[in-house]
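S.K.: In case it helps, Swiss-Prot gives these features for our protein:
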- ASN37: N-linked glycosylation site (CARBOHYD)
- ASN162: N-linked glycosylation site (CARBOHYD)
- ASN170: N-linked glycosylation site (CARBOHYD)
- ASN209: N-linked glycosylation site (CARBOHYD)
- ASN234: N-linked glycosylation site (CARBOHYD)
- ASN249: N-linked glycosylation site (CARBOHYD)
- ASN314: N-linked glycosylation site (CARBOHYD)
- ASN329: N-linked glycosylation site (CARBOHYD)
- ASN348: N-linked glycosylation site (CARBOHYD)
- ASN417: GPI-anchor amidated asparagine (LIPID)
- 1-28: signal peptide (SIGNAL)
Amino acid sequence: MNILFSRFSFLLLFLCSWTSFTFTTTEAYDALDPYGNITIKWDIMSWTGDGYVAVVTIFNFQQYRHIEAPGWQLGWSWMKKEVIWSMVGGQATEQGDCSKFKGNIPHCCKKTPAIVDLLPGTPYNQQISNCCRGGVISAWAQDPATAISSFQISVGQSGTTNTTVRAPRNITLKAPGPGYTCGPAKLVKPSRFISADKRRKTQSLLTWNITCTYSQFLARKTPTCCVSLSAFYNETIVPCPTCSCGCQNSSQAGTCVDPKIASVVPALGKNNLEPLLQCTQHMCPIRVHWHVKTSYKEYWRVKVAITNFNYNMNYSQWNLVVQHPNFDNLTKLFSFNYKPLNPYLNINDTAMLWGIKFYNDFLSQAGPVGNVQSELLFQKNPLEFTFEKGWAFPRRIYFNGDNCVMPPPDSYPWLPNASPNIATSPFVILLITFLSVLILM
């Protein structure tokens, strides 16, 4: 028996070790956006007396995950004793110790510089293309034109040839907080550029590519949004699960505000990364409510409402990703933009929704105007449409790329027992008839 127990323990230990080795909780693969990533392209455009001039471009190839205010911050470590002489379209957050330089003082002398985008309204002589939006980068599916950010950097003490120059290492990307893991810089084919008149092509002298992937677990240890449900055929409103994103009785006191005294909450600064939440049973910054509103003969209607419970954060260019099998029959969408993502090729069950520019693309902080809403009209497909067993509710919802906590399926609003839509077996009908006869006798 002892030998058998020892062998079993060894086998269990081996399986656990193999599992922990093979899978990690920080895995960045996203089934809805399998090829999504942020690619940083470092193009050396010319050589200088002691270094080079490069254009660094950040491409957000993620379909529905964007970088919101206060924007991205890009960092790295120099391989040698490089310095940044000057920058256009961006700036280092710290200059560092430049005391050994006389005359021209570098823009940054730190071994590990951190670069941020410039703000809108920057003078034109300090701008380049795709800069100066405060570090905000749109999702690729939402607005490809603004899913790019660039800056120009003049590097010294770095080498002046392809063989003497060294790529930066330990690249980090904050957007604006943690969540992204960046790989090493890889030498790739030089980038090619087309002149304004489209009659001439040029190319970089040398190009490095850095790929960064996102993990929600690395970004936040707890969820950031939850989903509540309701339907016209049931009086029950299913709330977000209790403690979806945290609990009020946590060890951190003062982390939420009673909505009755919300009017006296001091403004702690726009887009403060530290949340100040309204006290709720779910304690999530964002709640998405899905309400099955109406059923017509050939159509059915849903109302979607997004509510912000964070007094320290507003959301510009927000987006919502919803999985539901009836999106293939979406007929009309009111006051939101829509784009199918189709992660499974011909199966259209995933939709990306976002606000209309200058109308409702800005979700204000918690308060009377801290919500946006829309209605969706679906056509009924006789082969699959039903209100039974929670079919009318979404399978998954993402807000700004983060997976929201759904209520358990057994709590969904069900059809009332007397509904004609509930299929009744012949056995049940026969049993009811038999009991009725017995009562009459």
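Using the three backbone atoms N, Cα and C, a Cβ is placed for every residue, glycine included.
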S.K.: Whole-number Å only: compute the distance from the Cα of ASN348 (N-linked glycosylation site) to the Cα of ASN314 (N-linked glycosylation site).
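M.R.: A Cα-Cα distance of 31 Å.
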S.K.: May I ask for the distance between ASN329 (N-linked glycosylation site) and ASN209 (N-linked glycosylation site), taken between their Cα atoms and rounded to an integer number of Å?
M.R.: 41
S.K.: Measure from the CA atom of ASN209 (N-linked glycosylation site) to the CA atom of ASN234 (N-linked glycosylation site) and give the result in Å, rounded to a whole number.
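M.R.: If we compare the Cα positions of ASN234 (N-linked glycosylation site) and ASN209 (N-linked glycosylation site), the gap is 54 Å.
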S.K.: Taking 10 A as the limit, how many CB atoms besides its own sit near the CB of ASN162 (N-linked glycosylation site)?
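M.R.: Cβ-Cβ neighbours of ASN162 (N-linked glycosylation site) within 10 Å number 11.
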S.K.: Have a look at the glycosylation sites ASN162, ASN170, ASN209 and say which one has the shortest Cα distance to ASN37 (N-linked glycosylation site).
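M.R.: With Cα distances computed to ASN37 (N-linked glycosylation site), the winner among ASN162, ASN170, ASN209 is ASN209.
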S.K.: Between ASN162 (N-linked glycosylation site) and ASN209 (N-linked glycosylation site), what C-alpha distance do you get in Å?
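M.R.: Rounded to the nearest whole number, the Cα-Cα distance is 15 Å.
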S.K.: So if I measure Cβ to Cβ from ASN170 (N-linked glycosylation site) and keep only same-chain residues at least 6 apart in sequence, which ones fall under 8 Å?
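M.R.: The list for ASN170 (N-linked glycosylation site) reads GLY75, TRP76, SER77, THR112, given in order along the sequence.
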S.K.: Rounded to a whole number, how many Å is the Cα of ASN209 (N-linked glycosylation site) away from the Cα of ASN314 (N-linked glycosylation site)?
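M.R.: Distance between the two Cα atoms comes out at 33 Å.
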S.K.: What is the number of other Cβ atoms found within 10 Å of the Cβ of ASN348 (N-linked glycosylation site)?
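M.R.: The answer is 17 other Cβ atoms.
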S.K.: So, three-state DSSP: helix, strand or coil for ASN234 (N-linked glycosylation site)?
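M.R.: SS state of ASN234 (N-linked glycosylation site) = strand.
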